[in-house]
Structure formats: structure tokens, C-alpha cells
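Inspection log for the structure reproduced underneath, given as C-alpha cells.
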Amino acid sequence: MAFPRPRSVFERLPAYRAGKPAYSDAYKLSSNENPFPPLPSVLERASTELGRMNRYPDAGMAALYRSLSARLGVEEDQLAGGTGSVGVLFTLLAAFCEAGDEVVYPWRSFEAYPIAVDLAGATGVPIALRDDASHDLDAMADAITEATRVVLVCSPNNPTGPVVTRDELDAFLARVPSDVLVVIDEAYAEFVRHPAAVRGLDALAGRDNLVVLRTFSKAYGLAGLRIGFLVGPPAIASVVRTATAPFAVTDIAIAAAVASLEAVDELEQRLEAIVAEREDVMTALRADGWDVPDTHANFVWLPLGADSLDFAAHCAPVSVRAFDGEGVRVTIGDPEINAEFLTAAARWRAAR
Ligand code: PMP
């Protein structure tokens, strides 16, 4: 019997695996979420928009672009919003790739990369991280061919934590042909305190083939509302705006994002608390003998290899994210839950 068939890529496309729910939200350290509840001012503005849910949102996202432009010091036409930065990434790759094109990306990195690449009809070229879990940008540059259309760079890298430095990026960009699009995924940029780390927005100046992806999901704590954006050359932002499904981003999400940008001082205090916890967790793990790569995001990476699934099960009721055969990523959450995780990690080591 004949039946409608999706493109053949679906025969091998892996499903996106999200972090497992925990028995309570506070115990969920598996999705790099922000442990703080919404700020009252943000909740209030979003609630006002909830009362208008019979209306379509502003497809032009004018309030978002105005607010981001003022906050980031970029022009409005350099921006393109979407349903989370992952939504923007899917749209971007679909807009820039054709069958046969190659996309070079680091691996292990964000698990949506191979899915977005395959879905765009392109061929993924994953490049192994270095031993310290950072990008091997030399190998990534070596992997660029005539067929390469896009290179993905993730700083800090999810799930391992290291950043790309400014010098590393400059040396890399000098080797990238001008018709290859470089995407710096900065989903965790606000947690970075490393002085030499690349700052995507600074790197944009004078470059026509570079874009930065940012999100309100992590530092701003709006993961459930699905809102992220791209900053880049107007010609690229314009293509992404055209390729985005109409009305993809709700006015509820936009109102929350704009209110968050106005509440940046309060959010900054929360960020400092998360960063301080991250440093404490990393120090405690290292003191216990764990081999933890430097992390500049809101998570730590334990390279547990074949023990990853067992370790994740051992951490229950704390829910952490295991990558089978590779390692375990643990989000920085509430201090009491981080402490519970550290106790579980210490117990694991003591038993070995
Ligand atoms: N990029 C990276 C590196 C991420 O880790 C994530 C979220 N896990 C995203 C992008 C997507 O975030 P969102 O779609 O919520 O903006």
C-alpha cells in the first residue's frame, strides 16, 4: 500500500532527547535551566499579554528588536528572533544549506546540531573536541572543503563547558572562506567570566559571514516561553526573518523578554549567584578527584565514559543528563540540590 513518505533523511534522523523530568523541578539538573522562578515584573508583563491570546502576535517582533537593539548596541536590522535559539538555528540552516552542502561542527556539542543539519538536507562533518573538551578549531578549519556552507562554533560548549578564546576565533576566521557562514552559538554567554573568551557581538564588526545566536532560555530564565535570536549582518538577519514561520514568537514571550531586559540588574544578581555556585561545585568535584574540564556555563561535565548511565541512575532523585559512553552533564541548580548532587558524586567515588 502506498502512503505519504517523509524525506528519506527521516530513516536515520535521531529524535531530540530532552533532559529527564525529575519528581520535582528543583531536582532537575538535566536541562541547563535557570533555577530561579520568574521575576514578578516579568510575570506581570507576560500575564498582561496572556489576556490578549485571542490576537495574533506582532509578526514583526518590533518591541523585541527595539529593546535588544538598545541593550546590545546593535542595529535593529541585525536581529532575527525565533522560537528559542534552536528555532533560529533550524531556520538558519534550512535557509543556507542545500543537498550536498556540508556543515562542520564540534562534537560532542549541542545535540540539536546533527538533527538541524540533517533536516536542512546538508551533510554533517563532526570534529572531535580536544582532550580538554574544548573546540579543535585547527581541525575544524582543516575540515572546510568546497562543499562547506556553514561552520558551527559553540562557546561555552554544551555539554562540556570550555570557551573559545578571542585569539583562537581570530586565527580560525582567518582560515574560513568569505562565503562560508560561521555561527557562534552563545546560549550560555552571560555565565562567562573568562577574560580571554570570545564575545560574539564584538567579533561581528567588519565581518559579513559571522552570526551570533543568543537565547532568553538560560540566563534570563525564560526557557518555557521559547524565545531566542540571531545577531549578524542585516542581509543574513533578513533571510532568517523571511524563512521563519509567521507568528512563531508569541507576544507573551516578547513581553517577558523585554521586561527581562529592563530588569537586567536583578537578573545580574541571580547570575552571580549561579556563577558562584558553579565555581563551588567545580572546586568541590576537583577536590574529590574528579577530572572536570573548565566550565564557563551553568553546568559541569563529568567525563565518565562507560559509567555514564550508571552514574546518572546513582544520582537519583537528582536528575542529571547522561550521554551514553561519554559523560554526564550536571546543571547548576538550587544550592541544596547541588549539595545533594555533590554528596551522591562523593559516594560514587568512595565506592570505587
Ligand atoms: N544552543 C545551545 C548550545 C544549547 O545548549 C541550547 C539549549 N540546550 C540551545 C542552543 C537552545 O536553547 P533555546 O532554544 O532554548 O534558546
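Even glycines carry a Cβ here, placed using N, Cα and C.
The domain 'Aminotransferase class I/classII large' feature in TrEMBL is assigned to 27-312. For the domain 'Aminotransferase class I/classII large' (27-312), the model's average pLDDT works out to 97.
Annotation source TrEMBL lists N6-(pyridoxal phosphate)lysine at Lys218. According to DSSP, Lys218 (N6-(pyridoxal phosphate)lysine) sits in a coil region rather than a helix or strand.
Annotated coiled coil per TrEMBL: 257-284, in sequence order. Remote same-chain partners of the coiled coil (257-284), defined as residues 6 or more beyond its termini with a Cβ less than 8 Å from a stretch Cβ, comprise 34-36, 39, 41-42, 44-46, 63-64, 67-68, 71, 190-191, 193, 216, 219-222, 225, 227, 292, 294-295, 297-300, 330, 332, 335, 338, 341-342.
Within 10 Å of the C-beta atom of Lys218 (N6-(pyridoxal phosphate)lysine) sit 28 other C-beta atoms, taking all shown protein chains into account.
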